[in-house]
């Protein structure tokens, strides 16, 4: 507001002192500025920091402020000191009949009018909000209240209308009325005496103060307005209804009553309060009551229905209800009424405080309208009738008191003993009542009725009466309001008694509940029954065991709202079974009656033997529970029981979970309702006193409770082994005597703790001991039952899921491989309907036969501590089968089946590593021992090749296990030979990374309608052309399959010129092919490959003009593909003159072999003279044989970069560099950087650009032994490879710059190269040899002499040298960064730090002069 700071005081000063300082600052002349308030706040901080105490008027005088440091703060302190020192003294003597109040010196600055006042302005909404925020929790008329309003008045100079607006905004209606009364009285007292400038003839003070030139008269009105607040009568502060929230220990009824009182005090008269309280009674209730109302759909219901719904809810700290009397020789006195709420103000009759107007002594009451209806005396009202006051409870009568008073004073002890006793439960007080009457049902002669001393009349449900009973409508006023359509009056006599023999009382009329919900014994019967109402002492249920200390942590300590799940109906058979189960649990002490919140449904389940089992559905409670980790990871591995402990005994505990008690605060989460037949009687509610079965944390809590007793037994018999899981205990000992002694000790110890040992389930050796569904023998472990695989197609989904679940359980103890399991699991894919019928394929039925054979080997050996652990890893395309065994054992220890983690192709070596790691973890957890040796079914050559060529970082992990890994082939020794019944694909052949000397060679090729092959070994053995489908790719596959079928089963070298077939075969070489067959013809390829013991796969270019034998034989295969025209043959051979000379068609044998080339436009442009070798199109047949180079342009921001791209024509490996300028020097620098990445090529093929044809570039290539040739650009047979690479790189650059617009060009190009070389290329093309890790050139040592070579020294600067964040494609770049290449013979590297030792020469050609500054 204006120039004033916030009214919130800073640290080190009270609110009243701070407001005094602010008001004193308002007297400064000229008016205070924001800097004055800042200086004032800085002064308070300085005072509090230096004096180590808060600022007060006595300690912070003008002398406490250093002059010149805090501006005009000394003037503010002087003004405050002057005003408070000159305040008026104590008031004079008062009237003799009233004692003057004690005088206290004022702590508030008096009202002043000195100084220049601000001009009048209307209130802004933000100013009104700030004022209300400052005084929101302050009492009206308090010091902070007065001073806050005074500061607001000094700054805005409000008119009476503005002050009235402010009063309506900040005060309640009650306070507004009291303030207006006080203000009117103050104006009337001051108007005739002390008001200066007031003329009664000109209007009222309010009207005159509103004038613009009112001046001092408005200031006087403002002072009277403030004084009226100060003169308000003191009254207790009423909590506003907007801030009322139900407390944690407050019942819902008390909360609603308190809300109604606050609404009555804070809302003006005539405002309807029912809609407001209906909404606030839910919005401000606590979460527990809100959830009850939400669950019953009563959020928008009237208050009465809400009170009725939450009637049974009680806070957790709530004490039991007030009793009429407690057991003992003496009965307590009368119940004291609840204290009345004090009045908010003085009585409007006598204007005195301390009493309500209805209790005012000056209130005059008129005579009664008629005689008293009881004694017929016309002089008094009925409430003052002496006859009514003298009636006793024992006499009864129609005018019974509102509460049942104690009868100790009116009866002797002998008379009390003759009275009937009504024992009441603490939660729902009920008593058995015997009824008789003409309108009752014959079966309702005895019933259980609720005792309610607050109900005036007795209530019966309508279903207890006959249909045609005499009735009249009744309007009943209850907690939910007036009910007009629910209750009727039964106009007929009804006889009641507490005992069959009487005494009986007769009631002329009684209320009937048409909703059949209530059966209540009201005050009209209780006052005449001549009975004593008492609450008996609590009868505790029997103590359960010695473990009476409940667990301190069960996962519900955060106390969420208990669930309210309704009980679903049950048929008569299940209901009778449930009642019997509840009765037995109640007798055993596992449950007890419950009347608190919470409910979870219950139902019985019939066991296979015909008995019933109690099931409590605690899923909602489990969802609210925080899980407790179990001590054991799961069922123990019984094969870990050592063989040197032959004596075994098994114990079983009965009702083990029911020995752990539960605290009372958690019982609401385990409550349930026992329904009655037909709902004719009230449902009974119970709650568990012990851990129930079905609770998520019951197993973990039981294990923790049983941990210490079992630990003591294990410590006493250290030479034995104790294995336990839940309530099953297995004890293994070396001798018979020790087993007997341990069993007796453990059984006695458990019985002392309250556990019951089931002696009928105790088993011991020499017979097999059953434990956890398995049989423990002396040397082995078997399963008690195995699934029967009598499966026929079709089969239902439920049956197949059951069989797979049983197979999963026994798969650890039987040699079930992953392949047949995967076949059955694959039949479940895509099935959503639970009623679906599945048709099994013949292969799946064959897998079932394999599983049936595997289940016949139901045995596992027990662990022998003297022998090492061995493992076998069997890898298949469906998954892995892992075996743990020991040497000399009859059976393995365990089988494990692990499926593929995903559908992506994974190398066999990686799967082997994962299998070894899984087996190691199982061995450590079960046997606490590491595995000595791993056997596997992979060929050693295939595994070695993966280790040498893979870039996976997990290769290092496999190398650490390499001394322990051994290839066992496909038939390992041991009892699991049935695991491998057939050879797995691509695991039998031994693939060779290099050509096999003196081996048979197979060359194959294909066209659109024909495939061909030839076999060669020192000479041509066989050749043939076979028909193929309408596809060149399938034609190549057909030629390869025909050649494999014709080749004898011996080592074979395969040469193909198809990139597709080469990639496929190389994938098989590395053992990375795990995908399903995409083409059925590949199955023939698999079988053909398995016939050869060793295979090498090579790639040859079909359009190569090289003179080596491999290219010649490949050209011969091309001749085996007869084509219709020479042009088709010319297109197939790509202008290969040597292949054209072998045209096989005799009809055109007389043709000139150069005729197709003469007619070909491409050949004419490339080789117009017909013999120039420099223009011949070639592609390399090995890495770094032939490169292609090109320069393309890329625009980024305001620069246009020249991208120098170099591509190896054999593998497609690429390097590129970005240069600002396009000169011969930059082209040489780009070639040098490519050599660093890819190695030195033998040949370089470029277009006919000026940079490539310059003498400098040609001379550079000659010095480094690089053969340079040129071609016509944009020719599909020549430069298509480098042109496509240009497009890919520019596309990747655009992507990275679109993702990061400010990415530097060097980083973007590095990412594009990494993406192209590492992702776009096939993995089989990325071996270490093929990624051009050429041997590094000789490096000059720092201590040696600098070589003296050519006078031409070409310097280059690699990208990323000065950028640490750059991530390049290869480590070789980091190793070679920061160097120079010296053009000597041979060339050598010069480290960058040694370049200063000699003069670095550069090219001095004329074309390099403009770019001399950018070189190097």
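The backbone N, Cα and C atoms fix where each Cβ goes, and this holds for glycine too.
Per Swiss-Prot, Mg(2+) 1 is bound by 727, 728; the candidate from 652, 664, 752 named for the same site is 652. Cross-referencing 952, 1005, 1190 with the Mg(2+) 2 binding residues that Swiss-Prot gives (1036, 1057, 1118) picks out 1005. Zinc finger is the annotation Swiss-Prot gives to one range among 316-333, 370-387, 388-405, and that range is 370-387. For residue 1247 (Mg(2+) 3 binding site), the nearest neighbour among the recorded positions 452, 727, 1057, 1118, judged by Cα separation, is 1057. Taking 727, 728, 1190 as the binding-site residues under consideration, the smallest Cα distance to residue 1118 (Mg(2+) 2 binding site) is found for 1190. The subset of binding-site residues (652, 727, 1190) lying with their Cα within 10 Å of the Cα of residue 1057 (Mg(2+) 2 binding site) is empty, i.e. none. Cβ neighbour density within 10 Å is lowest for 452 among the recorded positions 452, 652, 1005, 1190, 1247. Here the CA atom of residue 727 (Mg(2+) 1 binding site) lies 47 Å from the CA atom of residue 452 (active site, protease). Take the Cα of residue 727 (Mg(2+) 1 binding site) and measure to each of the binding-site residues 1005, 1036, 1190: the nearest one is 1036. Proximity of residue 728 (Mg(2+) 1 binding site) to non-local residues of its own chain (separation of 6 or more, Cβ distance below 8 Å) is seen for 650, 651, 652, 653, 771, 772, given in sequence order. Under DSSP, residues within the domain 'Peptidase A2' (447-525) fall into helix, strand and coil as 6 helix, 45 strand, 28 coil. Neighbour count (other Cβ atoms within 10 Å of the Cβ, all protein chains): 22 for residue 1118 (Mg(2+) 2 binding site). Counting only residues at least six positions away in the same chain, the Cβ atoms of 1004, 1005, 1006, 1011, 1056, 1058, 1060, 1061 sit under 8 Å from the Cβ of residue 1036 (Mg(2+) 2 binding site). Counting other Cβ atoms within 10 Å of each Cβ, the binding-site residues 727, 1057 show the lowest value at 727.
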